[in-house]
Amino acid sequence: MENESSLFTTAAVVSAPAHQPQIMDNPLQAYIVGIFISICGNVLISFSLNIQKYAHVRQAQRGSKPYYTSAVWWCGVILMGVGELGNFAAYGFAPASLIAPLGCVSVIASAVISVVFLKETVYTSDIVGGTLAITGTYLLVTFAPHTSTHITAHLVQYYFISWHFLLYLFIEVVLYCILLYLYKRRNVKHIVVVMLLVALLASLTVISVKAVSGMIAESIQGRLQLIYPIFYVMLVVMVASCGFQIKFLNQAMKMFDATEVVPINFVFFTTSAIVAGIIFYQEFEGLALLNIFMFIFGCLLSFLGVFLIARNRPKIKQQDRNFIEMNRIPGRTRTDKVQPEAKTQTYGSLAAKLMCNSAGQTDES
């Protein structure tokens, strides 16, 4: 009888739906590991950005070799790769709705590093913003979903063809086409339009990154997932969405200042990542209403903190031409545009030289 009951139990386990989420053996331990890896990765990214900035400044002062010949700059690039790899691995341990908001750690660490090592000015708003961001991060970690599931190929495939995700994907594609039409055809170059394009791509990036990272983690533990086609589908989605994200972000950095792009991108990216985690991976299922409210409140505090920190960062303006309009010179009235003569001692050439020098200093910094 005992053998028969064990056989029935085994059959029940085998016949259980393959798409049913299975909680990890030590969900709290995996949750903490994911948070720790994400925080370390974001700190390394902030170090790498400041190291690369220091290399740019030093090479500009010496004016001898290009920045990519500097060993310091390559150290920053390597640290950036390690930090991004850490963020990638963190998605395999903790919910995506938690890992994405932890990106504010990078902003906080970058502000601290720039003040300590690059001797940048610290403002009251920086202190207030850092305090709010840290408080928001604490609330996020405390009230986010604490369960971690095994991300298998069958589970990802089941989520991928579920009706709520297909509806979400349809709405996202329609919005993306409308925004792309406004941006490309109607020449609407507003920062919200560009950042929304990035955010819509970011939601697919978060979904695919967590799927790929989770399936790789399962394969390392002995449950091979790389033989299923859904793994390579998610891998292609991850690479393609990341590539287009980088494209639109670079265009935004050319058109707008970094103090505007960084906080808006953080808010839009985090929001899209949380929505994607809720819809695709159902991460808020069974979560108490108080936890949801405090989690949203923590996100809002982090958003406000990042805005306060970013508002006082030095602005970098692009100078597209080396001539000035004479009608804009104080005390002079002209309606035509002239190209100042560099060899004359006129007011226009002096202003042109000063403008060229300031533009060169801005580009070097």
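Cβ from N, Cα, C; glycine included.
It should be emphasised that the depicted structure is a prediction, and the values quoted were computed from it without experimental measurement.
Pulled from TrEMBL:
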type	residues	note
TRANSMEM	28-51	transmembrane segment
TRANSMEM	71-93	transmembrane segment
TRANSMEM	99-118	transmembrane segment
TRANSMEM	127-146	transmembrane segment
TRANSMEM	158-183	transmembrane segment
TRANSMEM	190-209	transmembrane segment
TRANSMEM	229-249	transmembrane segment
TRANSMEM	261-281	transmembrane segment
TRANSMEM	287-310	transmembrane segment
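Residues 97, 101, 104, 107-108, 111, 125-126, 128-140, 142-145, 259, 262-263, 266-267, 270-271, 274 of the same chain, all 6+ positions outside the transmembrane segment (287-310), place their C-beta atoms under 8 angstroms from a C-beta of that stretch.
Within the chain, the transmembrane segment (71-93) has long-range Cβ neighbours (under 8 A, six or more residues past its boundaries) at 30-31, 33-35, 37-38, 40-45, 47-52, 54-56, 58-59, 99, 148, 151, 206, 209-210, 213-214, 216-217.
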